[in-house]
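**Q** I'd like to ask some things about the structure below.
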Amino acid sequence: MKGKLLSFTLFGESHGKAVGILIEGLPPGIEVKVEEMKAELERRKGIRRFSTKRRESDEPVIVSGVFNGFTTGTPVTVLVWNRDADSSYYEEIRNTPRPGHADYPAKVKFFGYNDYRGGGHFSGRLTVGVVIAGYFAKKLLERFGIRVRAYIRRIGPVECPQVEPEELFASPNPYCPDEDAFERMLEEMEKARKSGDSVGGTVEVVAINVPAGLGGPWDEDIEADLASALFRIPAVKGVEFGLGFRFAEMRGSEANDPFVVRNGRVATETNNHGGVLGGITTGMPLVARVAFKPTPSIYLPQRTVDLERMDEVELRLRGRFDSCIVPKALPVVEAMVAFVLADHLLRRKAWEGVVR
């Protein structure tokens, strides 16, 4: 993923030797603590009973770009070994693409040379690197008081009521600030698990203390950059900011956010636009929602095609699957938002150095 000043490249495959990330553009002097990085990676494992039975230790190995506990300003490379991959079953289904997965288009794209085991490079396993990128971005944002947090807004038909940013950031629950809604979400995930099926959901992400002035029109649009980043996450099928698609039902008099003065600075009375106008941050909390489709790998029979015989066949998957990926997606969504914000913040600071 390439920003103007920050970029990262993911490498590895789900069942390969390792996965990892190369991050370029990080300034020198960011303090790095491996235990903090590991804590972020632990969050990516989600709620155990609804996650894959694949158990990876996810020990990050910093290969370059960090010395004596601080970034050096040169490219950062971090490696995470794959220790618990089981590829045996994937040989049986290599010619029967799994519905909902990238198996078929990937085979076409790469002329059949792609690593099909566990989804290969298309696997959610690659988000290990995304979370690592997010760790570095969050450390940079911390210097300016910017914080990013995501929570589960919906699982299937169960929705968490809208929460204020203060309530979200004060909540001890790492998944959802509304305990009643969270219990009902757990029940919905359990129903899917027991039936051999899966369930989708929505993640809401909020960033606070974001200064006004990040972004710009057209190619500099921060919403466009955020949406592009969020859509790169496997299983994401929708992104909206502020009230999003609800704007289509409203009048301008309802939708507009009146400007007011709060504590000596310009703010808006409401935040329907999610902290962005004209592709530029307003100084209000940045709010986005991300829709995740249900995990495509399920234990129920599905129809597919045998690509060798060109026959329609029934596919019954065996393996280790998530019944819901939404809980483990929280640090991934945070990471993408933090990385885009960090890139735009560095751009803004460059301008400030010239103009001011």
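Every residue, even glycine, has its Cβ placed from backbone N, Cα and C.
The model shown is predicted, which means the values in this text are computed figures rather than measured ones.
According to Swiss-Prot, the feature NADP(+) binding site maps to R44, R49. The FMN binding site annotation in Swiss-Prot covers H121, F122, S123, G278, K293, P294, T295, P296, S297, R320 and rests on sequence analysis.
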**Q** In angstrom units, rounded to an integer, how far apart are the Cα atoms of R44 (NADP(+) binding site) and K293 (FMN binding site)?
**A** 17
**Q** Does DSSP put H121 (FMN binding site) in a helix, in a strand, or in coil?
**A** helix
**Q** If you draw a 10 Å sphere around the Cβ of S123 (FMN binding site), how many other Cβ atoms fall inside it, taking every protein chain shown into account?
**A** 21
